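Features of the protein shown, as given by TrEMBL:
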TRANSMEM  12-29  transmembrane segment
TRANSMEM  66-86  transmembrane segment
TRANSMEM  98-116  transmembrane segment
TRANSMEM  128-146  transmembrane segment
TRANSMEM  166-195  transmembrane segment
TRANSMEM  207-229  transmembrane segment
TRANSMEM  241-267  transmembrane segment
TRANSMEM  274-292  transmembrane segment
TRANSMEM  320-344  transmembrane segment
TRANSMEM  364-384  transmembrane segment
DOMAIN    402-578  domain 'Phosphoribulokinase/uridine kinase'
Amino acid sequence: MVVIQRAVLRDPLFLTGLSLRVALILVATPLSHEVWFIPFLQNLGAGGFIDPWAAHLAVGGTPMAFPYGPVMLAILAPGVLLGTAIDHLAPGLGAARLGLALTVLALDLAMLRTILRLAPGRRRACVGLYWLSPLVPYICYWHGQLDVVPVLLLLNGLIILAARRMVLAGALLALAVSAKLSMAIGVPFFAIYLISDKRLRPLAPRYWAAFLVIITLLQAPQLLSPAAVEMVFGTPEAAKLYSLAVSFGQGLEVYVVPVAYLLILYATWRVKRISFELLTALLGIGFVLILVLTPASPGWFMWALPFLVLYQLRSGPSGIALVAAFSAMFVGFHLMTSTGARLILTDFDLGQPLASLVVLPQRAIPLVLSLLVATGLILSIQLVREGVLRNDYFRLSRRPLLIGIAGDSGSGKDTLAEVMIGLFGQRSVAHVSGDDYHLWDRHKPLWQVMTHLNPRANNLSQFNRDVRDLANGRAIRSRHYDHATGRMTKPRLVPGSDVVIASGLHALYSPEICECYNLKIFLDMDEMLRRHLKIQRDTTRRGQPVEKVVRSIESRYPDCRRYIHPQAERADIVFSLQPLHPITDDGFVPFNEKLPLKLKVALRPGMHYENVVRILIALCGMHVDVLVNEATNATEVTVEGEVDAEDIAMAVRELVPQMDELLDFAPRWQGGNLGIMQLFVITGAVDALRRR
Ligand SMILES: Nc1ncnc2c1ncn2[C@@H]1O[C@H](COP(=O)(O)OP(=O)(O)O)[C@@H](O)[C@H]1O
Ligand SMILES: O=C(COP(=O)(O)O)[C@H](O)[C@H](O)COP(=O)(O)O
């Protein structure tokens with residue numbers, strides 16, 4: 001049973017739409033129901049279960065009667081067969097007719113509920129845009145088409161796919177196609193969606209396995225029935241896709257719809273990474289173009305309607321007006337040219353198209369069709385502009401997100417890179433480390449002559465080339481410097497990804513590589529804290545004697561001042577981790593002691609930080625000071641206090657909800673200062689991506 005919130009059921013708008021539907025069911029019976037669908041379905045009762053299509057043709061039924069698959073049959077038959085049985089008991093009740101109409105009403109309510117699930121919090125808008133649209137009463141209750149069935153299955157398959165319940169989602173897509181073959185139009189869009197999102201790729205085999213098993217089980221028997229092949233696969237409806245052709249002369253024709261459809265698929269393929277919202281927009285564009293470029297049956301509009309509702313919810317009054325105009329043209333055109341309904345208990349038969357009942361002005365039909373095509377094309381352009389090009393996610397994900405992280409040895413570059421990889425997901429990030437571009441390893445004599453902090457001790461031109469290649473989505477081959485052995489390993493393939501993190505001593509050194517980054521970060525950790533943490537790391541994790549590490553820190557300090565620290569001027573964000581209590585020269589801090597820290601965040605002029613500060617105070621309960629550095633005009637935000645990972649996750653969802661689909665399914669949020677860094681990096685990245 002379709003469960004719709006009580007608030008909707010009590011909504012006057014809903015009750016108005018329901019009254020209209022019930023009135024139509026009571027007073028009108030669509031010609032298509034009476035002449036095609038009900039007789040076909042009643043054959044099942046006459047022993048047509050084995051091969052309903054053959055049984056129908058055997059009694060002289062028309063091949064046009066039921067060009068649908070077994071799922072449509074299974075969903076619609078119970079109401080009709082029950083009604084037929086009741087009619088046998090009480091002739092003249094019209095229960096079979098009511099059985100079909102009430103089944104359609106139940107599916108219509110399920111469609112409303114599905115749309116409400118797709119647009120949570122937009123209850124009245126969804127009721128207004130779907131339930132009160134004249135399209136649905138016209139298509140389902142006057143003209144009498146059944147497309148609400150496959151579209152409902154397709155839409156729920158989308159929702160289940162977004163929830164990553166892959167087997168059920170694949171099965172629902174198969175059910176949609178087995179209800180009406182034209183839903184196969186959507187299959188390539190789903191395939192591109194599953195390929196484009198690296199997070200979904202491991203889950204895709206289950207999806208397609210379920211799809212193929214269900215579609216085979218349901219469609220194979222139909223292929224064995226010549227009658228089904230004639231009525232379903234050979235339906236004249238399919239020929240409409242080829243009706244618009246461009247003649248190349250010499251009897252050659254190019255079909256416009258297949259060309260347009262392939263162009264839309266190509267454009268979809270070019271969208272680097274498709275969010276759920278983008279997928280619904282692209283599917284809507286595909287369906288609307290088919291409506292515009294073919295003499296589409298009224299039922300075909302149901303394919304696009306849910307996506308048009310979502311478009312209107314996002315676009316507001318202009319989109320609503322445009323869809324209303326397109327809908328009005330569509331209904332007007334089909335009232336004139338398509339079958340309608342007979343009024344019950346009267347002889348008033350509007351089953352035939354208006355054009356055959358009354359004399360219309362000569363140009364009425366072509367004029368309305370022209371307006372229909374014009375409004376449809378304008379709507380398609382708007383769907384592309386507003387549904388795709390202006391889609392935040394589309395703009396964020398068209399090219400890889402590039403983040404550069406520079407800082408002295410031990411300042412936290414790898415740590416920050418790792419916590420950001422934990423957010424985006426290993427599959428979606430290409431990490432390039434400056435250490436892998438040292439010109440010599442620890443065992444070479446030059447190691448004793450020139451420190452690695454000197455740019456000339458590193459192959460920075462190769463580093464820059466590799467970052468640029470990754471920025472263009474190309475894979476690179478990069479060696480790896482193993483700090484445990486002090487040697488370079490063999491080159492390994494680093495594939496292009498949605499996010500590129502380039503961290504290293506000189507990651508912001510060359511101006512031209514800085515132009516590649518969307519976000520530039522410099523780590524300027526308190527010097528005593530850095531020494532403490534570097535000594536702790538190099539002795540415990542890199543097996544180096546304390547004396548050697550201390551000597552190295554001292555000997556490299558001049559190069560650090562000369563080559564590393566100046567990079568801070570190029571950064572968008574400078575993170576400076578500070579101990580709450582200064583570490584004095586002789587104040588040795590035991591490695592296992594957790595140092596209370598605070599984080600200073602210097603943001604270059606123009607970086608938006610107000611909302612971040614608001615959230616850190618209001619939601620995370622942090623103590624935050626904001627200062628503007630008069631010299632650099634940079635904003636310095638000092639953050640103190642404890643924050644847990646869940647609060648950081650909530651803060652990011654509040655500040656940049658559109659990032660959700662760019663992050664991993666289970667992003668690894670951090671608490672403490674690393675979580676605050678995650679927050680500033682994510683919001684800074686979205687800011688930068690919106691500007692590009
Ligand atoms: N934000 C931070 N909070 C606490 N400890 C940190 C932080 N960043 C780095 N560290 C610690 O400091 C040491 C050096 O960090 P690392 O990321 O290896 O620096 P780099 O990559 O710049 O050489 C590591 O032991 C690391 O755990
Ligand atoms: O210090 C760094 C940078 O690494 P990081 O920024 O991770 O500290 C150089 O890679 C070292 O010179 C490598 O030499 P070693 O392996 O002997 O430290």
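Even glycines carry a Cβ here, placed using N, Cα and C.
When each of 66-86, 98-116, 128-146, 207-229, 274-292 is scored by its Cβ pairs under 8 Å to the transmembrane segment (320-344), the top-ranked stretch turns out to be 128-146. By the count of Cβ pairs under 8 Å, the stretch nearest in packing to the transmembrane segment (128-146) among 12-29, 66-86, 166-195, 207-229, 364-384 is 12-29. Contact between the transmembrane segment (12-29) and the transmembrane segment (274-292) is not supported, since fewer than 3 Cβ pairs fall under 8 Å when only residues 6 or more apart in sequence are counted.
Between the transmembrane segment (166-195) and the transmembrane segment (274-292), three or more CB pairs separated by 6 or more residues in sequence fall under 8 Å, so the two stretches touch. Taking residue pairs at least 6 apart in sequence, the transmembrane segment (274-292) and the transmembrane segment (241-267) share three or more C-beta contacts under 8 angstroms.
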